[in-house]
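Residues or ranges marked as transmembrane segment in TrEMBL: A:41-60, A:72-93, A:121-143, A:150-169, A:189-214, A:226-250, A:256-274, A:305-326, A:338-354, A:361-380, A:386-404.
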Amino acid sequence: MAVNDREPPPGGATRYLRECLRLLRWGAGTLVTAWRVGRTGSLPVVLGLVVIWIVFESIDTDFLSARNLSNLSVDLVGMGLITVGVIFVLLVGDIDLSVGSVSGLAGAIFAQLNVNAGVPEWLACLIAVLGGAAAGAVHGFFVARLGVPAFVVTLAGLLAWNGLMLFILDTHGSINLDDQGLVATLTNHYFGNALIPLGLAALGLAAYLAVALLGRRRRTVAGLPGPTLGAVAVRAGLLGAVLFGAAGVFIGFRGLPLSVLILLVTLAVLDFVLRRTTYGRKIFALGGGIEAARRAGIAVEAVRMSVFTVSGAMAAVGGLFLASRITSVGQTSGQGDLVIDVIAAAVIGGVSLFGGRGTTWAALLGVLVIQSIASGMALLGVQVAVQFMITGSVLLAAVVLDSLSRRAQRSHGRA
Amino acid sequence: MGDNGAGKSTLVRVIAGADPADKGVIEWKGEPVRVHRPQDARALGIATVYQDLALCENLDVVGNLYLGREVHRAGVLDEVEMERRASELLGSLAIRIPDLRAPVATLSSGQRQSVAVSRALLGAPEAVVLDEPTAALGIEQATHILDLIEQMRERGLAVLIVSHNLGDIKAVADQVAVLRLGRNNGFFDVNTTPQEQIIASITGATDNTGRKPVRPWP
């Protein structure tokens, strides 16, 4: 504690204030440094989310109710799954504007096969997802093999796949799904037993602790610096608070939604794929520099095609969840601001538009921000027009942060 | 050596397999070989340090060192093993980088060059090709890189340096080959040839292209 010795020692309150200020300054300094080297991670979006929640809660106390948060969570699953796919494409430095149309197409394929042609639900789902993957592979072929900019290829896809969807729907304006079927179950099933969310939260926390501590021990054995036990404990504490907090919210309404569980498991698995496998490393390498990756012997074309395929497949899966939520598929499925929301969610969540930076959890955080704004506005009865303007501003802020951080990192690196 | 546009970097990319040659023969240890992809050159034991370093700015030091040849088990990366070996390698080369998990974008240009050079040495190559290794560096950092090159020579590696800095060449090279307008403009022994003769060959004052080399490659 450095107390200025020219002044008499300050009394209790002043001293406390001064200490707080010092801590704040230290915190801000650490943040700025972290930001300069591009290592803030998810901190800005988490702070933003907290601010948004506090603002809406102070205006309307229904906002943070278990009911609203639970519904919000189920609403965001479809979009979240589509966003994860887009993140794969953004990580290699490309973009996919077609995901909205592909998600609508998958819904239409499923509805026609299942409802009108009587194909079993699981088979119709499989075909719809394969269809989405095929659409993505087509984009990937044009981008990776022929070198057409992804922006244009997927813009063409946006129009063409929407056309195909309308063609498949034919004269049916919209098709209602079986509201007792498999797809409907995806978003209307809740695990009512309170032990399930609590048990899963405990399991998740235990798994995190096991991985962190085992990894730490391996590093110590290998003579490498590892995270301190304190850091592991702090992270585990935060994770536990979030997991058990979420469990409490779900128990307070109808229990753990199946769809949320699917989203979380998908995010965790894909996070592992991106950060811990050779395939994921190749994706990041492409985002860091296609030419450098090529010279390192990476099959650039194959990896680039694969990320578009992943994006198409995830868009289809997300499309099924979106259809499930309203148990119908119509001509407007996957249209409107879905694409913009999805890409905005990825960027808001901390995925760089320049490629090479981001995690799958950005999908969850970004979609949470966008859905929170939408839900809060709906609760307040604000027009959609205002909601668009606010979401647009948040997106712009996220992109500006991304660009500035990149520039800061650049100048820092050349120093 | 050679002036700008002499074809030095192109030659490097051909040898490395990054830009395969349209025609001609590459001989390795007296045998004609085919180098169509970077992997081919690497398999032969030829490692390359490119002028632009070809590092992925977003990946950390360990990730860059092992790019394209990660240590893994069934596709799952073994980060601890990679970091341990990386730290050993950098230590043995007396390269000091404070944080092996920092993205390469945050390193100084000297540190990046060191990372690129150590990456070339990671696969235990027999020959190392360096394209303008000191061009972007300050004096102290350039000296360090030249030290590294000396170390490689002492380890028994064949080292091919592309440079237009005669000082560097005088410091570390034994033989010099001059390229001019894409053609060989002469071989010289660095220790016995006067500097002026090499410069004349670079600038084209003495034109040896189209004629037999002054002296065959030893």
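Please read every residue number as a count from 1 along the shown chain.
From the backbone N, Cα and C atoms, a Cβ is placed for every residue, glycine too.
When each of the listed stretches A:72-93, A:150-169, A:361-380 is scored by C-beta pairs under 8 angstroms to the transmembrane segment (A:256-274), A:72-93 comes out highest. Here the transmembrane segment (A:189-214) has long-range neighbours at 227, 232, 235-236, 239-240, 243-244, 246-247, 250-251, 254-259, 261, meaning same-chain residues at least 6 beyond its ends whose C-beta is under 8 angstroms from one of its own. Of the candidate ranges A:72-93, A:121-143, A:226-250, A:361-380, A:386-404, A:121-143 has the most C-beta pairs within less than 8 angstroms of the transmembrane segment (A:150-169). With pairs at least 6 apart in sequence, the transmembrane segment (A:338-354) and the transmembrane segment (A:121-143) have fewer than 3 Cβ pairs within the 8 Å limit; the two do not touch. Within the same chain, the transmembrane segment (A:361-380) packs against the transmembrane segment (A:72-93): three or more Cβ pairs sit under 8 Å, each pair at least 6 residues apart.
Same-chain neighbours of the transmembrane segment (A:386-404): 44-45, 48, 337, 340-341, 344, 347-348, 352-354, 369-370, 373-374, 377, counting only residues six or more beyond its ends whose CB sits under 8 Å from a CB of the stretch.
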